[in-house]
Amino acid sequence: MSVSPVAIVSTPVAAPESSAAVAVPPVVVRWRGVEPYETSFDAMRAFTDARTADTVDEIWIVEHPPVYTLGQAGDPAHLLVGDSGIPLVKVDRGGQITYHGPGQIVAYLLLDLRRRKLTVRTLVTKIEEAVIETLAAYNLASVRKAGAPGIYVASGVHEGAKIAALGLKIRNGCSYHGLSLNVKMDLRPFLAINPCGYAGLETVDMASLEVAADWNDVARTLVRRLIANLDGESAAADTPHALEHSND
């Protein structure tokens with residue numbers, strides 16, 4: 001799920017009127033378990049369409065069965081095989097093609113950017129920082145890369161390999177879609193695509209980097225870092241993180 005100035009699909013919204021500062025309700029975290037991609041996609045759009053000015057922002061933590069997703073302006077030619085046996089879903093986020101599957105954390109960010117007084121670029125930066133901080137907690141150094149959206153390995157044998165991807169849709173000033181972080185996956189499906197439109201781009205997971213991380217622990221760390229960057233460290237400390245990972 002790549003994100004860049006051209007990988008963020010948005011609908012125009014009027015600038016908010018200036019007003020006194022209003023407290024922003026803390027983000028609600030929901031663990032949706034192992035869920036078909038189409039179910040999450042439909043639920044995100046329904047949630048966003050039904051939002052009011054009082055709707056509390058949410059982060060959804062999900063794990064998907066194998067699926068390729070192609071962004072709104074994506075080129076199907078980036079799927080390199082005719083019949084991979086893995087479904088392809090065309091979606092309304094920005095970016096090109098990516099893969100989701102077991103062992104990957106997917107976080108969907110359903111946020112009111114106007115209420116939070118966030119630009120899209122600032123939101124992207126906060127998401128990227130949360131991923132970088134999460135990986136740092138496991139002694140993995142990672143970086144952004146100019147012109148190639150996502151989070152990449154900073155050094156070593158796999159320097160430059162992609163470990164996390166981002167993609168957003170902004171509708172009426174509210175975001176959906178989000179990020180994916182590879183923990184311990186079967187990486188072979190990435191070989192059948194040009195990940196996020198980049199031919200030959202290596203994709204890795206934390207296990208490839210010799211980090212035996214528990215999916216639940218990484219998910220909790222990621223949630224804490226996302227909330228800390230959005231709502232502050234104190235909010236992150238007070239947020240329940242009772243996430244349970246299942247392979248069912």
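Counting starts with 1 at the first residue shown.
Any Cβ shown, glycine's included, is placed from N, Cα and C.
Small disclaimer: the values here were computed from a predicted structure and weren't measured.
According to Swiss-Prot, the protein carries these features:
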type: ACT_SITE; residues: Cys196; note: active site, acyl-thioester intermediate
type: BINDING; residues: Arg93, Gly94, Gly95, Gln96, Ile97, Thr98, Tyr99, His100, Ala165, Leu166, Gly167, Gly178, Leu179, Ser180; note: substrate binding site
type: DOMAIN; residues: 53-234; note: domain 'BPL/LPL catalytic'
type: SITE; residues: Lys162; note: site 'Lowers pKa of active site Cys'
Checklist entry - Which whole number of Å gives the largest C-alpha distance between any two of Arg93, Gly94, Gly95, Gln96, Ile97, Thr98, Tyr99, His100, Ala165, Leu166, Gly167, Gly178, Leu179, Ser180, the residues noted as binding substrate? => result 16
Item to check | Reported mean pLDDT - the domain 'BPL/LPL catalytic' (53-234) | outcome: 93
Next on the checklist: For the C-alpha pair, I'd like the distance in angstrom between Gly167 (substrate binding site) and Cys196 (active site, acyl-thioester intermediate), rounded off.
Outcome noted: 10
Next on the checklist: Just to be sure I understand the packing, how many Cβ atoms besides its own are within 10 Å of the Cβ of Gly167 (substrate binding site)?
Outcome noted: 28
Item to check | Cα distance (Å, whole number) from Lys162 (site 'Lowers pKa of active site Cys') to Tyr99 (substrate binding site) | outcome: 12
Checklist entry - Based on Cα coordinates, which of the following binding-site residues are within 10 Å of the residue listed as 'active site, acyl-thioester intermediate': Arg93, Gly95, Ile97, Ala165, Leu179? => result Gly95, Ile97, Ala165
Item to check | Three-state secondary structure, Cys196 (active site, acyl-thioester intermediate) (per DSSP) | outcome: helix
